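Input: a single structure, listed below in structure tokens.
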Amino acid sequence: MLNGLFSGLVAFLMTVLLIPQFITFYQRKRIEGQQMHEDVKQHQFKAGTPTMGGTVFLVVAILVSLVFAWQSRMLTGGVLAILFILALYGLVGFLDDFLKIFRKINEGLNPKQKLALQILGGIVFYMVHIDAAGSGGELNVFGHFIQLGPLYFAFVLFWLVGFSNAVNLTDGIDGLASISVVISLATYSVIAYHDHKFDILLVCLTMIGGLLGFFVFNRKPAKIFMGDVGSLALGGMLATISIALRVEWTLLLVGLVYVLETSSVMLQVSYFKYTKKRFGEGRRIFRMTPFHHHLELGGLSGKGEKWSEWQVDFFLWGLGLAMSLLTLAILYL
């Protein structure tokens, strides 16, 4: 526990020290920053803000976790699997960001390339997890273990790819994704501590430290964004941790904010296509998706007063915290 807290503190301090250097490098090289989608008019003034800040807290968290896990003799297969997903999904996001910014390819990696790399990571994690945890293809559904056999492999891929992209969608306003993931990781820290999974606890606390250090510069008005390099990796990390702790179902509650953000996009697109086919014109359920943009433009109803980014942040952070506390209550009360 103390090692985990100390590693988190080291990650926090290193991130706080390195992010300003990263921003300065961006500005000195006159690198084009974050591109804003033309539909998100309320954020156009942020265009050019340095991005890819996730590179810093990912590298810091991975290196600090490796050092402290090795020093504490906790460099287990589970730790290596989680750090592998962080590194690989971070690399996928890095390539995506790099192509957008340096190669001027608006969409970055195409969907097939991104999916293929994410699936590759899922395959490697599955092989390591089955060997290390000996789960035998069992899925924990609200405390009941269901034997899925070969289908468990498909579940692992779906879980990793799905939540990786879900956190990516959540990263749309200043500070939202970073603190949402801190809340999620804090919840899994409690679960890991309770289950004596101190190796996973160390990784969780280290990343919390890195994210809090990043938030110092990512809170509104953000001086830097994490980019896909950060958000894709964090989503994959949460999925792997829920699987490694064998509490997969908890991510539906702990990660309800990410589920809500993703569901809003899926519902919006499906409803728009359906109404366009049936009525000749596309109709919308939400003012704009992902859901945080709907809140920005008109509150919960979408028709009220506009919410500030801080209001949206605190509402969704509060929702994430409430669901995390509910999860812990279900598990331990």
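Cβ atoms are placed via backbone N, Cα and C, with glycine included.
Feature annotations, reproduced from TrEMBL:
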BINDING   Asn168, Asp228  Mg(2+) binding site
TRANSMEM  6-26  transmembrane segment
TRANSMEM  47-68  transmembrane segment
TRANSMEM  74-95  transmembrane segment
TRANSMEM  115-135  transmembrane segment
TRANSMEM  141-163  transmembrane segment
TRANSMEM  175-194  transmembrane segment
TRANSMEM  200-217  transmembrane segment
TRANSMEM  224-245  transmembrane segment
TRANSMEM  251-274  transmembrane segment
TRANSMEM  314-332  transmembrane segment
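Take the transmembrane segment (224-245) and the stretches 6-26, 74-95, 141-163: counting Cβ pairs under 8 Å, 74-95 has the most.
For the transmembrane segment (6-26), same-chain residues at least 6 beyond its ends with a Cβ under 8 Å from one of its own Cβ atoms are 33, 50, 53, 55-57, 60-61, 64-65, 67-68, 202, 205-210, 212-214, 216-217, 223-224.
Ranked by the number of CB pairs under 8 Å to the transmembrane segment (175-194), the listed stretches 74-95, 141-163, 314-332 are led by 314-332. Recorded stretches compared: 47-68, 200-217, 314-332; the one with the most Cβ pairs under 8 Å to the transmembrane segment (251-274) is 314-332. Contacts between the transmembrane segment (74-95) and the transmembrane segment (314-332): absent, as fewer than 3 C-beta pairs lie under 8 angstroms at sequence separation of six or more.
Contact count against the transmembrane segment (47-68) (Cβ pairs under 8 Å) is highest for 200-217, out of 141-163, 200-217, 314-332. Same-chain residues lying 6 or more positions outside the transmembrane segment (141-163) and placing a CB less than 8 Å from one of its CB atoms are 85, 115, 118-119, 121-123, 125-126, 129, 135, 235-236, 238-240, 242-243, 248-249, 251, 255, 258, 262, 330.
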